[in-house]
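What follows is a short report on a single structure.
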Amino acid sequence: MRRSGCLLASGALALGMLGAERTPPGVLLLEVQERRSVAPSPLQRRAPKTVEEVITNEKARGGYFSTCSVGTPPQDVVLLLDTGSSDTWIPASNAAVCSRRFSTDPCPLGSFNPSDSETYREFIQDGLEITYLDESYVFGDYFQDTFDIGDSSVKNMTLGLGLNTTLNHGIVGIGYMLNEASVRTSRIQYDNLPVALAKANVTNSVAYSLWLNDFDSQMGNILFGGVDVEKYTGSMMSLNVTTADNSDEFDHFRVPLTSVQASSPSGSDTLTTTSYPIQVVLDSGTTLSSLPADLVDQMWREVGVDFSAVLRQPLIPCYRKESPGSFTFGFGGPDGPKVIVPMNELVLDITLGQPPVFPSDSPYKGQDACLFGIQDFGGPPYILGGTFLRSAYVVFDIVNNQVGMAQTDFNETKSNIVPFPSYGAAIPSATAAPNQGQTDTPPSGTAPDFSASTGFQNAGWIPGALQLPAILAISLAFWAAF
Ligand SMILES: *[C@@H]1O[C@H](CO)[C@@H](O)[C@H](O)[C@H]1NC(C)=O
Ligand SMILES: *[C@@H]1O[C@H](CO)[C@@H](O)[C@H](O)[C@H]1NC(C)=O
Ligand SMILES: *[C@@H]1O[C@H](CO)[C@@H](O)[C@H](O)[C@H]1NC(C)=O
Ligand SMILES: *[C@@H]1O[C@H](CO)[C@@H](O)[C@H](O)[C@H]1NC(C)=O
Ligand SMILES: *[C@@H]1O[C@H](CO)[C@@H](O)[C@H](O)[C@H]1NC(C)=O
């Protein structure tokens, strides 16, 4: 009997494991589903909660999830996919966060009870200690057990057991092994999921591709061991991953962001910062993105952000989702990959229910307020999270320390999966970006003249075209009346 593996979290797509039959050998395709918000845990609910907490608590708020199972017989768990961390852990059924004292279903995405698994083995006691960027945390043990993902099963996989945590769901960390909590706490480096999949011969190399897809579609996928060449447009370019202080210690998917262009029907601006090249971490586990303050200020001015002193958040009228403006992010110098991020990926609903409205002292008084998805968290590290990653098709090659990047093809249903042919093979279909050491933006100080801002702020504004038919229609109506 096949184990249940990774099925979908909800009935959104009843097909289940899309493409499991069609994928070539050497790859593992896993669907990921976006969840806008995860029910808060009772521990969090006991404390008075502000809107600001809801918004900034990224790991608890939403992200991309997939269902896996742990142990024998398998216990299903829905886990957050995170390229920014490296441990896979599951909340323990007896952790306070999953306690039924305060709620009937406190851990709706599943938890793990070691005593119900015949194949469970203790590994490192107290070795699991992670505090995420948003200050959510997990403390606990490491254990080894069978882990089912997609249609594959990894025996003796090292996993974390969350005993004291603020998160009521687990995380699949698929980053570099050097960033495992056990390296810090116990000086033990273990084979985490991408490596374990290669060692189990599920994949040929330690690499995977992430296609998060459109915000409105809520469904994307992660492909371990291959590239789906139908899921992006233009050509795929690869970049060297950079390290802090140019050491050879790769711990994050860090790449140089070397230009940001703002474009709308009214014009185009090259945005400046004293921080180019900005070393940005590609982090699927974070919803928002964080960039240097001087750059963020210019982006906010382009789109017309009204910073709320009360919520301490950059707000924008929700209708600007429809704005024809976009930002183009350039990486690895003038000849590197470029990714266009449209406004509907950057304007986010604040809550699931009725949106709040702007107060009377705001220029947008009375209009529905949304959140702008690029902020300044006070980095470095600077982060490109979900608000950027949805617009890109990104390949993470852990063996060669390369990232492949191309413009995503939203909602593409065609598929042509090319596996990495062997361990350490280069990213299929990618060409290395030339001149990666260069920057392509004029020295900072040359502030843009914000010629794109009118076009960003008039949603649906088309120069010339719109005015003419409108005037014609009015005069025709006038004529008919006479
Ligand atoms: C499981 O893996 C560990 C190393 O992480 C190894 O020490 C142990 O022998 C393995 N157990 C089995 C049953 O394969
Ligand atoms: C859980 O960890 C937090 C943060 O370190 C600590 O303050 C708290 O006392 C711990 N709770 C338990 C039950 O150990
Ligand atoms: C994976 O394949 C290699 C080469 O064919 C083989 O030596 C190794 O035993 C296989 N490993 C597993 C876990 O099947
Ligand atoms: C993708 O599909 C969703 C519906 O599933 C739709 O709302 C969205 O507009 C589509 N995106 C694009 C870019 O076509
Ligand atoms: C990328 O890194 C490799 C290995 O460090 C180096 O040999 C190569 O020159 C780098 N490529 C570019 C374009 O910088």
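Backbone N, Cα and C atoms are what each Cβ position is placed from, and that goes for glycine too.
Please treat TrEMBL annotations as automatic predictions, because they have not gone through curation.
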CYS318: disulphide-bonded cysteine as recorded in TrEMBL, out of CYS107, CYS370: CYS370
Proximal but sequence-remote residues of the same chain as ASP283 (active site) (Cβ under 8 Å, at least 6 apart): ASP82, THR83, GLY84, LEU133, PHE253, ILE383, LEU384, GLY385
Cβ packing number for ASP82 (active site), 10 Å threshold: 22
